[in-house]
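> Sharing the record's features from TrEMBL:
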- 95-127: repeat 'WD' (REPEAT)
- 138-181: repeat 'WD' (REPEAT)
- 182-225: repeat 'WD' (REPEAT)
- 226-267: repeat 'WD' (REPEAT)
Amino acid sequence: MTFAIEIEKKHIQKSERVKSLEIHPTEPWVLVSLYTGTVQIWNYQSQTVEKSYQVSESPVRSAKFIAREKSIVVGSDDHFIRVYNYTTEEKIKEFKAHDDYIRSLAVHPTLPYVLSCSDDTMIKLWDWEKDWACTQIFKGHNHYVMQVAFNPKDQNQTFTSVSLDCTMKMWNLSSSDPILELEAHSKGINCVDFLTCNDKQYLITGSDDHTAKVWDLQNQTCVQILEGHKNNISALAVHPELPALFTGSEDGTFSVWDVTNYSLLNTQISELGRIWAIGFASLEDTHILIIGCDEGMIIGKIV
């Protein structure tokens with residue numbers, strides 16, 4: 001199966017620097033967090049901003065939908081997590097979560113949990129049914145923790161983290177110590193995603209060494225190095241339906257890789273500067289790619 005990425009120029013949405021993107025599971029919404037401290041819900045069907053929240057004076061690096069609670073959770077450089085009801089637009093919770101910038105949030109798919117990770121090297125687990133109490137702290141990294149992601153297998157009892165200490169770690173929610181640790185790159189790791197291919201589970205890591213690597217989790221080995229970017233890999237995402245992996249870089253390009261053989265299918269220039277976030281949506285049976293960059297968002301069609 002061959003892919004090409006067609007970028008429809010009319011779907012360029014200019015804004016301040018986009019730091020994170022998330023697609024709502026049922027509404028045609030993208031949750032966009034901006035370096036200016038604003039979070040927006042952008043409708044990719046009508047191409048309009050539906051809601052906007054001035055969260056902080058500091059950059060917001062991660063914002064996630066908690067769709068089953070009709071809310072969003074936001075982590076920013078002022079060390080705070082804030083929660084908003086997106087129906088009433090009311091702020092329902094605000095608390096100091098870390099001692100440094102909050103880099104990434106992850107929402108558990110079924111349990112009332114949110115993970116946060118920070119430049120303070122900590123990962124924390126929050127339970128919103130206990131009024132957002134911190135129920136576990138995960139220690140082990142010795143540099144900024146850049147991203148956390150729940151494992152879609154294992155009944156979501158495990159998660160991964162990547163750090164500028166060059167390691168990727170796997171954790172169990174019930175233990176504060178890692179269950180697996182890999183020295184994954186020669187420079188810091190910025191991003192991570194899970195890939196299941198032929199009933200086998202892999203992890204993809206993206207690094208400041210300009211490469212992405214594919215890891216066989218069972219054997220704890222690197223099975224492929226994806227080379228071609230000329231600067232840090234700052235975002236990556238495995239498509240949920242198509243056998244494709246997307247990587248984005250501070251060189252201002254994004255690449256598409258075939259996950260069945262890891263061949264490079266396509267590389268394109270973003271036209272909006274460095275790439276910080278990649279998301280996928282669908283509209284009337286059309287697969288949509290959304291890329292967050294220095295100067296806004298690009299919305300393209302995956303053909």
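Yeah, the Cβs are placed from backbone N, Cα and C, and that goes for glycine too.
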> If I take every residue in the repeat 'WD' (182-225) and average their pLDDT values, what number comes out?
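When the pLDDT values over the repeat 'WD' (182-225) are averaged, the result is 96.
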> Tally of helix, strand and coil residues over the repeat 'WD' (226-267) according to DSSP?
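Helix, strand, coil within the repeat 'WD' (226-267): 0 helix, 23 strand, 19 coil.
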